[in-house]
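What Swiss-Prot lists as S-adenosyl-L-methionine binding site is Gly113, Ile137, Gly138, Asp139, Tyr140, Val141, Leu142, and the listing cites sequence analysis.
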Amino acid sequence: MRIDIITIFPDYFTPLDLSLIGKARRSGLIDVRLHDLRRWTYDRHHTVDDTPYGGGPGMVMKPEPWGEALDEITADADAGTPRLILPTPSGLPFTQQDAVRLAKEPWLIFACGRYEGIDARVAVDAAQRMPVEELSIGDYVLNGGEVATLVIVEAISRLLPGVLGNVESITQDSFAPGTMDNLVEGPVYTKPPVWRGHEVPPILLSGHHAAIDRWRRDEALRKTARNRPDLIRRLDPESLDKRDREVLAEVGLQETSEPVAD
């Protein structure tokens, strides 16, 4: 996968040299290319922003540098057509399903906005040549798109073949399609079996794989109900077995996933 990142702070992305993502880059599994937006500015101060039309606080990123940057980066016709990602708090919520979908793309470009955002005409113009998506990592505002881009790139990259040492871990992640769809992962434990008087649940030491799978499913349901009841309401009732319904009833939820009346 090729990933181009356009930003006024290329150094923000040094974490992509670390851990499994850095190893994947060095082995050629991921081709990450950083671009300083100011390279496409020509005044003495390398200006990338200006005052907003219509008035109001803050500054807006100018369209000219963005247009030239995207033109030059996408000029490599042999690389195919990229998908442009605009991280913004006004975008669609980024989910694990989006990570799975985007991990199948051969080429992604991330445009990291700053200030009040990027002139809206940039996305309109780019959409004439490539798919464009606005994505949000949460209902809060950051100083720019760099942090969101790091989040999305890591979520996508870890799904690529060869990046993780154990591919089974992906299927057991929170929100993973299949048995973990719309569920968060339950508690995890490692050695020693007793630490400061706290014991690992005996079932995990039993070697009974079917029982362990059932325990993990139960704990995922309990933790999701406690921390993310909104996800429980999204569960397909047809996907719930008898034990699932019993667990939901234990934590105060009916089979229909609606809260039980007091």
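Glycine is treated like the rest: Cβ placed from N, Cα and C.
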How far apart, in angstrom, are the most distant Cα atoms among the S-adenosyl-L-methionine-binding residues Gly113, Ile137, Gly138, Asp139, Tyr140, Val141, Leu142?
17
Counting Cβ atoms within 10 Å across all protein chains shown, which of the binding-site residues Ile137, Val141, Leu142 comes out on top?
Ile137
With every protein chain in view, how many other Cβ atoms are within 10 Å of the Cβ of Tyr140 (S-adenosyl-L-methionine binding site)?
7
If you count the other Cβ atoms within 10 Å of each Cβ, which of the binding-site residues Gly138, Asp139 comes out on top?
Gly138
